[in-house]
Amino acid sequence: MGSQVVQTLRQGVWASLTGGWYHDPDQNKFNNSCHLYLWIFLLMLPLSLHLALPPTTMALSIYCSSITVFFVLIKLANYRLHLMFNEGEAVVRSSLSDLSKAQEKKSNASDSCLPPSISKRGLTRVPAPAPNSGSLRTWWEDSHPRAEHGQRERCSSAFRPLTQHRMLIDLPPLYFCVHFGNDRPKNSQIFLIVCQATMTSSKSDLEAKEGQIPNESNFLEFVSLLGSLSTRGGGGSTQEEEKPERKEEVECKLLMPVCMCVCMCQEEDSLDDSSETSTQEKPARKIYYKLKLFPGKWINILYDRLTLLALLDRNQDVLENLVAVFMAFLVSFLGFVLLNHGCFKDFWIFQFCLVIASCHYSLLKVKKSSVQDKDTGHNQLVAYSRAAYFCIFCALIWVLEQLLRRKDLPVSSLYGVTIVCYDVLRFLRDLLVGFTYCFPITFLVGLFPQINTFTIYLLEQIDMHFFGGTAATSLISAVYSILRSLVALSLLYGFCFGALKEPWDEQHTPALFSGFCGLLVVLSYHLSRQSSDPSVLLSLIKSKIMPALVETVPHFCALQKEILLSDIIVCSVAYILTFAITASTVFLSLKPFVTIVLYALAGTVGFVTHYLIPQLRKHHPWLWISHPVLKTKEYYQFEPREDAVLMWFERLYVGLLCFEKYVVYPAIVLSALTNDGFALSHRKKLGIHCDVLLTTVAGLKLLRSSFCNPSFQFLTLLFTLVFFHFDCPRASESFLLDFFIMSIVFHKMRELLLKLHFILVYIAPWQIAWGSAFHAFAQPFAVPHSAMLLLQTLLTTVFYTPLAPFLGSAIFISSYPRPIKFWERNYNTKRIDNSNSRLVSQVDKETGCDDNNLNSIFYEYLTRSLQHSLCGDLMLGRWGNYSAGDCFILASDYLNALVHLIEIGNGLVTFQLRGLEFRGTYCQQREVEAITEGVEEDDACCCCEPGHLPHMLSCNAAFNLRWLAWEVMATKYLLEGYSISENNAATMLQVYDLRKLLITYYLKSIIYYLVHSPKLSTWLKDATIQEALQYYTKWHHIERDPQVFSVKIDEDYVHCLQGVTRASFCNVYLEWIQHCAGKMETPVDSDEDSPLVTLSYALSVLGRRSLGTASHNMSNSLESFLYGFNTLFKGDFRIATKDEWVFTDLDLLQKVVAPAVRMSLKLHQDHFTCLEETEEASILYEAITNYRSNLVICHESDPAWRKAVLSSRDTLLTLRHMIDDGTDEYKIIMLYKRHLSFKVIKINKECVRGLWAGQQQELIFLRNRNPERGSIQNSKQALRNMVNSSCDQPLGYPMYVSPLTTSYAGTHGTLRGIGGGALSLDAIRSWLCSKWLRVRKDNLTSCNSGMNMEDVDCGAGGSSSLSHNRPSSVTSNSLSQHRARTAHSHRHRNAARREYRSRSVQPQSQRPPVSSQSGPILDSGSNNGIVQRLSNSQLSFNTSIASIFSQVYAHIVKTSGSAVSSSSSTLSLLFGKRSFSSGLVISGLSAAEGGNTTDTQSSSSVNIAIGPSHRSSSRATQRRSPCHPVNAPPLSLLQLSRETTPCCHN
C-alpha cells in the first residue's frame, strides 16, 4: 500500500504539476539526468530571456528559434534512432575498449554458461579444439555434453561471431573462461578469451604471472601484457613454420594475445525479488546498431529501444513529428508574446514560465497515465493536450488584449442589464489568465479532457444549445454536425437580412421574409430527420454513385433513401404552406388572439401528452398508486405470445405528439418570427447584423428541438410566459429571444435538479451503504463541505461535467467535461468463435468456453430487436418521457442490460446496449432483487402497519420510492428474444440404457443422412471406397474392439462373439435402412448384401470408433463418454488408422457423421416426451426431416450458431461444456424464440455519469485495482454495482457492449400502421387516383339518378359505345370452379351453421321491394353465384357519358362465417350511400332453379360477375384506363347465397 501511494504521488501528482517529469527509480541515471536537465532548460530559457532582454521582437525571435531548433534536433534524432532499430543492421563489436569497460561496470559474473568442470572463480583451462574441428560452437557442444540443452544454446550462441572473422590459425588456441564477482551475481559478464600462440617470448614476463588468476584488480594487467606481446610478434608465424616440433611446448607454457571478446551474459531480473533460487540468468550479447549519417558513412550506436522509449516518447510518423514541432513553436510564440505584453507581473512571471516548460516537456515525454486517459494503455493524444489548451487560452488572452486597446468599445443593454464591453472583456481576460496560472492544478485534478474529447464536447454543446442539434457520436460526427448547421445558418441569414433591412407594414409581408420562414421550417425539419453520423449518408451516396465498389448495401441505406424521398415531399408541401400562411399576415392581423390560442393549445397538449399520460402509464403513478391506471393488454398476461397490442391511449399519444411537433410549435415560432421581424424592421435593438443573427439562430434552434424531442418544450414555454409576463415583464426583449434563452436555462435547471437528486439520494443517512471503512470515515467529513458541494454542483451544471463520488464515498468531486456519448473510444465486444481463433485452441481447448463469451450472443440479438422497435416504442410512449443521455435498465429473468440513449432525432434514436452478467456477483444479485421485487404488499407506516388504501401504496413504500435514483416505467415491455431451456446431460445419460438409446439414434441418424446425401450414388460406385470396405462385406467379420463396443451401450452387440457383426447390425438397423431407402425418388438396392448396407455398417463402426477415441477409450465412464460426445458435437473427429478410407471424400464426415451426432442429441431429448412416437420408423423419419429443416443444431463456437441466432431462427439446440468454480458440467441448451417480458427502469442519468467518472478516476489515476473495492459494492438506491459493472473494460466487466446502433421509426410495424409509413410519389399517386375516381363517380351519379356508377373506381374502359362490350355472362367453367370451392368449404362447417344459413335464404319472390333511396333490390340467391345483369331499359343516361365506360365489373366476395346481409344499409356502408342508392336497379334475375337470362346480346348490359375468371379482362380494362389505383382491392363485395340455383351458361 505504501509503495502504491508513493507511485501515485510520483507519477500522478508530481508528473501532473510538471507536465510529465518525475524521478523514476526504475530507470538508469542517464535517463533521469536527461529528464532533469531538459526540464531545467525549458524552464530557465524563457525566464532568463524575458529578464535579460527588453520585450522586443528580437527576444521573441531568439526564443522561438531556439525552441524550434531544439525540438527539431530532438525529434529528428529520436525518429532516426527508431528508424535505425526498425531497419538498421545489428553488429557485434569486438575491441579492447569493450574489455576495458568491464572494470567500470559494477556487475558480477554468471556461471550459467560454465560447465560443471569450471570453477566459480578464476581462470580455467579447457581443451582446445582441433585445428580442423569446425566452428567454436560445435566444439563447445561436443566438449560439454552433460550441459543442459538450454544452457548450451545460450552459451554456444556466443561463438557465432567468431566464425565470421575466418581467422587462420596454425596452432590450436587456448580458451579460458574468466569469471569475476560473487557466486550470485546480478549483472555479470563472462569473457571467453581466445588466445593464440604466435611466437616465443621472454620467460620473465610470463613466469611473473604464472599461477595468478585474473580478477577485477589484475585483469587489465593481463590484457596489457598480452597486448604488448601481440605488438612484438611480427614474424611469429614464420618461426612456427620452421619449428613445428615446439608446438606443444608453446601451447603449454605461453599465454598469447587476446583475439576477441566473445560474449557478455546478463542475468534476467526475477519478477519476485525475494525469490533468488528461481532466478535464471540469460546471457545477452552487446549489440551495436549502425546509424547512417551520410551515404557510406555510419557510426555504431550501443543502445536499445526500451531505453530510448524510457528517455523520449516515440512519434510514429513524420506528421506527428511536424505537429509536435509546430505545437512547440506555437507555445513558445504565444507565451513569449504575452510576456512581452506585460500580462504577467512579479512572481507570476515564474509561474507562467513554469506552465510553458510543462507544455514543452509534455511534447517530449508525457506521464504514463492520467485521469483523462481513455484506457490504461498509452494514449498518444495526451502529449498534445496540455500544449493545445495552452495555445487556446493564450490566443484568447491575446485577442482580448488587442480588443481592450481599442477606444471605441460599445455599451449595450440586454434584459435590462447594461453591458460595458470593456469591463466584460477585461473580466474574461483576467479569468483566462487565472486559468492559465492554474494549469498544473487543473491537470492534476483532471478538469481538462483530452483535446479530441474537448473538441467533441464543445462542438456538441454549441450545436445543441444554439442550433438545436443532436448529440455527436465521434469527432467526425461533431464536425459534420456543426458544419451543416453553419451552412443552414448562412443560407437563412441572407434571406432574413434581406427581409429586415427595410421596414414593412402590417398589411403586407415581404415575400423574402415569407421565403425565409418557409426555408427555416424546411431546413429545421430536414436537419432533425438526419443522423449526426455522416457515414450513413456517405454509404448511400457510395452505393448509388459507385455500386460496383459496394459488395453489400447496408440495410440502413434503404431506410435513409426512404427518409430522403419522404423529406422531399414533406419539405415541398411545408414550404408552400409556410409561405402562404406568413404571406397572409394572419399573425399580424390577429396578433393577441392567435398567440393566446397557440400558447393555451401548446400548454394543454403538452400537459396531457408529456405529463398526464406518462404518469398514468407508470408502474406507480405519482409514486402513490400501486398499479398503472392505463394498462396494456399484456399487463395481466403471464407469458405474452404475440406482439404488443396497440392501445387507444397509445394512438392518442402519437396523435397528440405529431400535432404538437408539426402544427403547434411551428405555428408558435412562425408567429413569434413574424411579430419580432415586423418590430425589428422598424427598430434595430443591437444592430441589424446582430438582430438578424439572433433571430435566425433562435428560430432554427427552437424549430429543430421541437421536431426532435418536444417532451419538455411545454414546460419551457410556460416558464418563459410566466417569467417574462408576470415576474420580470420589463426585462423581456422579444418572445423569440426569450424563448431561446429560457430553453437553455431550463435545460441547465433540469440538469441541476437531477444532480441534486442524485446527491441527496446517495448520501441520505437512513439508506447509506458503506462499501469500505473509508466510506464510514468520509461520511461525517462531507457534512461541513456542503457549501463547497453546492458550488461544485452549480459549476458542473453550467459546464455539463459529471459530479463523481470520490472512491464511492459521500465526498463528491468534479470530473472533466464529457459529451453525451461519455466514453471516448468506440469499445464493443468481440465474440470469440471458430472464425476468429486459432485451430490449436479449437482442438486442444474449448474456444471461448466461458459463459460470458457464449451468452453475449443473446445481448447481441437483443440489440437487433431494439434496433427495429426502440424508436417506435419511444414514440408510442412505452418508455415514458426521454431525452438525450437518458439511461434505462431492461431486466428480465436472466437478461439485465443498460440502454444508453445518445442521439434523439425526429424519427431516429441512436443508443448503446451494455449487457451484464447472467450470474453476477452477490452485489449485483442484491440490486437485481431490488428492482424486481414489488412494494405493493408493504403495509407499514413509520414503525407500525396500519395498512393502506385500496389501489394505493403505504406511507413507507411511497417514501422509499421517492428516495431512489431510479424508477420503474413499465413492467410488461415485450421484445423478441430467446427463451433458454437447459438440462444436465449427465442426468439424461446416467443410465446405460439411455446411453445405448443415444448410440442407437446416432447410428440411425448416420443412415438417414447417408441415404439423403446427393453423393450416395457416387459413393456406392466409388472403387476406392468399395475396395476399402471389403472386410465389411464379410458376414463372419467381427469388430472386437472392447474399448469401443460394449454390450451396455451397443444395441447390435453380440455377447457370445464379444463384438459387432454385419448380421447383428442388419438385425437391428436393416428395417430402418430399407425404410429410408424407400423414401428416395430414385430406388436404391437395400437388401442385406447391398453396397448401401455395407456403407452404412462401415460408417456406423467409424462413428462409434470416433466416439471411443474421443472418449479416450473409456466410454463406460460417464465423464469420458460426455467428453467424447462433446468433442464429436463440436466437430473434432480423431480417425483411426483402419478408418482412413473416409478421407476419400470428407463429405462422409462433414455431411453424414457430424450432423448425425447433433441430430441424435435432439432425438434422445424427445425420447423423454414422446417415447411411443420415436419407436416407429415412419414417425422417426418424419421427425428427423422436420428437425433438419426447422431446427438448428450446432456447437456455440461454430459461426453458424451466431448466424442462426441473428437470423431469428425459431428453435436452436446446442451442447455446452461449462467449467466454473471447479465444476465440470455438460448442459443441453434449447433456445425458443418468443416474446420476452422486460421491466423498464429509468435511472437518473447524472447518477450514471457520476459513477462512471468515479470509476475511471479511481482505477486509472489512483491505480486502485482491488476487485472488492468499496466503490462497486451494492447500493440499492443508486444501483451502484450494476452501473459500475457496465463501464467499458477494463474499468467494468460487461458481458456485451454493442456498437452505436441507430433505430428508425420506419422499422416499427405498429407505428407504420398508424401513420401509413413514409410518403412516396407512388403512394401519393395511388391515393390521388383513387380519390379522383371517387370524385368523378360521385359527379356522374349525381347527374344520373337512375344509373349505377358505383363500380367506376374498379376500372373503366375507353370504348366508344357500350355495344362493344364483351359477353356479359361468366363462363360455366369459372362458375363451376367457384361452386366446387364453395361446396368444399361448406362441407367442413357444422350443422348449426348450415341450419342458420338455410333459414336465412329466401326466394326472390318473397322479398319485399326496396326503394331506390335506401338501396337496390337485392336477391339473396344461391351460394353458387348468380349472374346479375341490368336490362337495357335500366341504363338510361346520355350517350356521351356512356361512351366513357366499356364495362363495369363487380366481384362478389364471400365472407367466412356467415352470409352477407342484403339490406341497403350494409351495401351503403360498403359502397357509399349516395352513390349506391342513386339509381342501381337490378332486374331480370331468375329465381327458378336452372333459370338464367339469355339477353346476352344487349349492347347496354352491365354484369355483376363472381369468381376469378374475369380478372384478366378487369386488368386489361384497368390498363386501358387513363387513371387507375395501384394495388386495387377486389372490385365488389356482394355475395349471393342460394344453393339450388345453377350457374349461367353461355
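Cβ atoms are placed via backbone N, Cα and C, with glycine included.
Because TrEMBL annotations are produced automatically, they should be read as predictions rather than curated entries.
Per TrEMBL, these features apply:
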type     : residues  : note
TRANSMEM : 36-53     : transmembrane segment
TRANSMEM : 59-77     : transmembrane segment
REGION   : 107-152   : region 'Disordered'
COMPBIAS : 139-152   : compositional bias 'Basic and acidic residues'
TRANSMEM : 322-341   : transmembrane segment
TRANSMEM : 347-366   : transmembrane segment
TRANSMEM : 387-404   : transmembrane segment
TRANSMEM : 434-459   : transmembrane segment
TRANSMEM : 471-495   : transmembrane segment
TRANSMEM : 507-527   : transmembrane segment
TRANSMEM : 568-590   : transmembrane segment
TRANSMEM : 596-613   : transmembrane segment
TRANSMEM : 756-777   : transmembrane segment
TRANSMEM : 789-813   : transmembrane segment
DOMAIN   : 1085-1308 : domain 'Pecanex C-terminal'
REGION   : 1355-1425 : region 'Disordered'
COMPBIAS : 1359-1377 : compositional bias 'Polar residues'
COMPBIAS : 1399-1414 : compositional bias 'Low complexity'
REGION   : 1487-1531 : region 'Disordered'
COMPBIAS : 1491-1503 : compositional bias 'Polar residues'
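Confidence across the domain 'Pecanex C-terminal' (1085-1308), taken as the mean pLDDT and rounded to a whole number, stands at 89. Taking every listed stretch (471-495, 596-613, 789-813) in turn, the largest tally of C-beta pairs under 8 A with the transmembrane segment (434-459) is reached by 471-495.
Long-range contacts of the transmembrane segment (387-404) within the same chain, counting only residues at least 6 positions beyond its ends with a Cβ under 8 Å from a Cβ of the stretch, are 327-328, 330-331, 334-335, 337-338, 341, 343, 355-356, 359-360, 362-363, 422, 425-426, 428-429, 432-433, 435-436, 439, 448, 451, 454.
Same-chain residues lying 6+ beyond the ends of the transmembrane segment (756-777) with a Cβ under 8 Å from its Cβ atoms: 789, 793, 803, 805, 807-810, 812, 963-965, 1244, 1246-1247, 1250, 1269-1278, 1280. Long-range contacts of the transmembrane segment (36-53) within its own chain (CB-CB distance under 8 A, at least 6 residues past either end) are made by residues 18, 21, 23, 59, 62-63, 66-67, 332, 335-336, 339-340, 349-350, 353-354, 356-357, 360-361, 364. Under 8 Å from some Cβ of the transmembrane segment (471-495) lie the Cβ atoms of residues 452, 455-456, 459-460, 462-464, 512-513, 515-516, 519-520, 523, 527, 530, 532-534, 692-693, 696-697, 699-700, 819-821, 826, 884-885, 902-904, 910, 1300, all in the same chain and six or more residues away from its ends.
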